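Report on one structure; see the data block that follows.
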Amino acid sequence: MPEYRSKTSTHGRNMAGARALWRATGMQDGDFQKPIIAIANSFTQFVPGHVHLKDLGQLVAREIERVGGVAKEFDTIAVDDGIAMGHDGMLYSLPSREIIADSVEYMVNAHCADALVCISNCDKITPGMLMAALRLNIPTVFVSGGPMEAGKTALAEHKLDLIDAMVIAADDSASDEKVAEFERSACPTCGSCSGMFTANSMNCLTEALGLSLPGNGTVVATHADREQLFLRAGRVAVELCHRWYGGEDPTALPRGIATFEAFENAMTLDIAMGGSTNTILHLLAAAQEGEVPFGMQDIDRLSKRVPQLCKVAPNTPKYHIEDVHRAGGIMAILGELARGGLLHTTAATVHARTLADAIAHWDVTQTVDENVHTFYKAGPAGIPTQIAFSQATRWDSLDTDRSEGCIRDVAHALSQEGGLAVLYGNIARDGCVVKTAGVDESIHVFEGTARVFESQDAAVKSILADEVKAGDVVVIRYEGPKGGPGMQEMLYPTSYLKSKGLGKQCALLTDGRFSGGTSGLSIGHASPEAAAGGAIGLVRDGDKILIDIPNRGINLLISDEALASRRAEQDAKGWKPVEVRPRKVTTALKAYALLATSADKGAVRDKALLDG
């Protein structure tokens, strides 16, 4: 049987010094026979999705201790993409994912922890911790801080979120008073932003991967029911320890749970619910860490067979994550996918032996357990707060309408192809991605004129100056992992196109990425990126670009000979922006750029450079 890793520092005469230090943290004689479970918290006062996490690590710790473990908490960093967006702060967002993964690895391995509870929530924190969990491969369970409640105002007919505040701010017809009202109303509570943006998408995907508990992605942060998720996560961590160290059960480990089949399940869910394109980047990165052979070709294959069963903000103003929960949450979507023959239901989870068992118990349309029905009635209270578990509001009824409700069955799918697609062509040899859930069907095939910019800032300036016209393809390059560096999100350009009335009349192509709040014909992750010699670096103003989503194509409409000639010319000049950009690239960012791969590899470090 495997021995507790912690014995390295808790057993033997020569470890007297280490035990003395452990005792100084509060451990006593009887504790040295117990598993030491690390709690990776991510509390910070900078991020609304994390402001309420301060005491929650200790909540989990006390539960771990109650059921026979020793808990030791530490914190990671957390960057708020919305606050960092639109300026050089966004250069740090994606690189922070690697720092988070490294910091969890450093703490867990330095102290020989036996298991791990990951308390995450927002955009790069869940992916960073997921990468670390698959790297470490010790018993691990995820529990997130939960989604924010959607905002409300008398000035809008629909519920609000962050994107509404951003779009109206750039709408010249909106009064200052209306902008201020949207700003005050869009983000009313603690939690991750209320739509199917990156944070919520990733927290939902941990349910499909099998690494978190039902409801992890959908119970609002303010609801009392989420407290039980935290307590149960502590108990599950101890149970996983017993299964691995006491029974050598491989399905107690992240790599025994998050297998190739589980990654396919997660991507199937992502496509079905029209999640953020960032999830592709993060799933690819996690797969690399777990040595799972899951790649862009698998995503492309799945995107052609998985229907879209759910459409949530920003793809529609009608539904937010709180509405997904009322409809049965992620387990309900997984249930519909399973009945459509689209899932690997023998995959393991941290809370059930198989996904099939989990669905049987947690799918609101199938279970007879009234406790499950009550759980999924947990709803928003509409009271602004930064306090977790501060309300216990419940809907009067569940949304189980699978023909016209928030979650559809396969027979009533919103579209027969899902909400994400991978496009290939001479402009993106290794692929690029588009959230088709947010694209109007009238522009699924779009031919436009290239307007080339070598920074997000230049593109924003041009859009706000009304220099971008209907029929243009805005090309923003040298914003990839190396070229940015840091692969900035392009939420401001897409939001401003929408506010200028060009959301259905223009396209945007970039080697950068998009916020989960992006909608419209926004194509990102062009690989290889310009800084790595990608053909997006060869596009010129006035070129014609054809985007063909149904046929998964994206091409620069020039001859192969002309493209080769441009490549030779660019090789001679070097693959870098023509003009020096007014951004400060620090040593930390340069170190990230030196090792970063393009988006088709998840923008992870190029291990060949390290191993070589």
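Placement of Cβ uses the backbone N, Cα and C atoms for every residue, glycine included.
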Of the candidates GLU467, GLU479, GLU489, which one does Swiss-Prot list alongside ASP81, ASP123, LYS124 as binding Mg(2+)? GLU489
ASP81, ASP123, GLU489: which of these binding-site residues has the sparsest Cβ neighbourhood within 10 Å? ASP81
Give me the CA-CA distance between CYS122 ([2Fe-2S] cluster binding site) and ASP81 (Mg(2+) binding site), in Å, as a whole number. 9
Report, as a single number, how many Cβ atoms besides its own are within 10 Å of the Cβ of CYS122 ([2Fe-2S] cluster binding site). 28
The number of other Cβ atoms within 10 Å of the Cβ of SER515 (active site, proton acceptor), counted over all protein chains shown, is 29
Other residues, Cβ within 8 Å of ASP81, ASP123, LYS124, GLU489 Cβ centroid (Mg(2+) site): VAL79, ALA84, MET90, SER93, LEU94, CYS122, THR198, ALA199, ASN278, SER515
Cβ-Cβ distance under 8 Å, sequence separation of 6 or more, same chain as LYS124 (Mg(2+) binding site); the residues meeting this, in order, are ALA78, VAL79, ASP81, SER93, LEU94, SER96, ARG97, ILE100
I want to check the contact list for CYS193 ([2Fe-2S] cluster binding site): same chain, sequence separation of six or more, C-beta distance under 8 angstroms. What comes out? PRO48, GLY49, GLY82, PRO147, MET148, ASP161, LEU162, CYS187, ALA199, ASN200, GLY516, GLY517
Where does ASP81 (Mg(2+) binding site) sit in DSSP terms: helix, strand, or coil? helix
